[in-house]
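*Asks:* Following this message is one structure expressed as structure tokens.
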Amino acid sequence: MTNVSIIVLDFGSQYTQLIARRLREDKIYCEILPYHTKVADIKAKNPQGIILSGGPSSVYNKDAYEVDQGVYKMDIPVLGICYGMQRIAADFGGSVVRASHHEYGKAELKILNLETNPSPLFKDCDDERIVWMSHSDKVDTLPAGFEPIAVSSNSPYAAIANEEKRIYAMQYHPEVQHSEEGYLMLRNFARNICGVTEKWKMEHFLKEQIKNIRAKVGSGKVLCGLSGGVDSSVVAAMLYEAIGDQLVPVFVDNGLLRKGEREQVEEVFKINLKVPLVVVDARENFLSKLAGVSDPEKKRKIIGHTFIEEFEKEAKKHDGIKFLAQGTLYPDVIESISVNGPSEVIKSHHNVGGLPDWMDFELIEPLRELFKDEVRKIGLELGLPESMINRHPFPGPGLAIRIMGDVNEADLTLLREADVILLDELKASGYYAKTWQAFVVLLNVKSVGVMGDNRTYDNTVCVRVVEAVDGMTATFAHLPHDLLERISRRIINEVDGINRVVYDISSKPPATIEWE
């Protein structure tokens, strides 16, 4: 188990994961725990500091979220952010009230006494900075022993401190990108105030995980479903490094992959990494079950159930399998233990979560402590090619949810050819690496066109390219018009059956990234 330098107690803020990510970017290992975690459980992790996150509650409400008061007696620094600041103020005898002017968005922060007696929280910061506010309550009176260390135009207590007790608090969100030098303030808290010196490195994590896998697996075998995506590829490569041929990696070709995808996976794992990849050709089974099905939820469920069916058939061929490997990431773990429990299901998940009862395997989740960007670094350490590690996310149901309506081989071929043109042009122009996800959607809408002297009545496709940090929110990519024109021209000229290309300029929310 990795030593925990900082613990973040989560009060339900949408930004809580960003706190952990910002610290980890500075090679500071931290974990997120629910706000109601008992102090004994916190002490067991031996942290050097604690951060209280923001949250939607109000401290003066009857059912307000409260922290174990023993946290303040652990003799380690504490930092409160937004609700965390209000929680600290209330817990130490100050007052918190509903603000007459709510603050949402950018605000100008003025740091006090920066030249004469600066707080260590603001070491190397400029005296005036733009920060991100998101609150409707405010600290009205400070508790004894606390002093203001920063103000904003709407708040005389934008940041406060009790230097003697090493307790600090901010009304704004330093973890959000809009907060200038926010990362520096978080670093100052961890490095200068908490005294964190250790640097968390991916190569150390990898060595530790390989040792743990070997100890856990012993002489048993591990079954691993490989999709060709980043997470499952890194899991498979890590397991093979740890246990060699005790790994049974299974790649199911469902007929819904992009052009050349199966061949790429086979080349990387069979040829480059020498992994004994088991390839199951299940294209006919998937497509026959999807025939005539147009409802997106039904398509997802059919694909999920059929995958389990194929996985089950292959698993029965191998004796001695005791473990099942999954590419669970840290955001999945956080959500499962979050303040409010798992989020409402917007779309059915396609992963292996519904395996049959007879598969009584013990789970191995070697990536469960990592965020996506950290998984990519592990992949590079393991020798996976950058083209695979830095690829855009691809949904488990594949191209089936990029075809509006029922799925058939002719439409899949059409979509593959259009999709590869889009990706080729984005890579050639340098925009592939600058965007989060890019794909073509076959709308199954026909329109009239003219090609040469002939009238056409062919398919319309939609190009979708988005920018995002983690996929939770996204904005459409503002691609140059000449690039969009080139993509459109090539698709229409090179893919028989398409005569019109449109560009999706919707953001998430309200739209989702995928169309289905």
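Cβ from N, Cα, C; glycine included.
Annotations for this protein, taken from Swiss-Prot, read as follows:
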- 5-199: domain 'Glutamine amidotransferase type-1' (DOMAIN)
- C82: active site, nucleophile (ACT_SITE)
- H173: active site (ACT_SITE)
- E175: active site (ACT_SITE)
- 200-391: domain 'GMPS ATP-PPase' (DOMAIN)
- S227, G228, G229, V230, D231, S232, S233: ATP binding site (BINDING)
*Asks:* According to DSSP, which of helix, strand or coil covers H173 (active site)?
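*Replies:* The residue in question, H173 (active site), is coil (DSSP, three-state).
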*Asks:* Taking Cα atoms as reference points, rank the active-site residues C82, H173, E175 by distance from G228 (ATP binding site) and give the first.
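*Replies:* For G228 (ATP binding site), the spatially nearest of the active-site residues is E175.
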*Asks:* Relative to the mean position of the Cβ atoms of S227, G228, G229, V230, D231, S232, S233, the recorded ATP site, which additional same-chain residues have Cβ within 8 Å?
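*Replies:* After dropping the recorded site residues, what remains is L226, V234, V235, G327.
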*Asks:* Quick one: pull the CA-CA distance for S233 (ATP binding site) versus E175 (active site), whole Å only.
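*Replies:* Here the two Cα atoms lie 30 Å apart.
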*Asks:* Where E175 (active site) and V230 (ATP binding site) are concerned, what is their Cα separation in Å, rounded?
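*Replies:* Rounded to a whole number, the Cα-Cα distance is 26 Å.
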*Asks:* Rank the binding-site residues G228, G229 by the number of other Cβ atoms within 10 Å of each Cβ and report the first-ranked residue.
*Replies:* G228
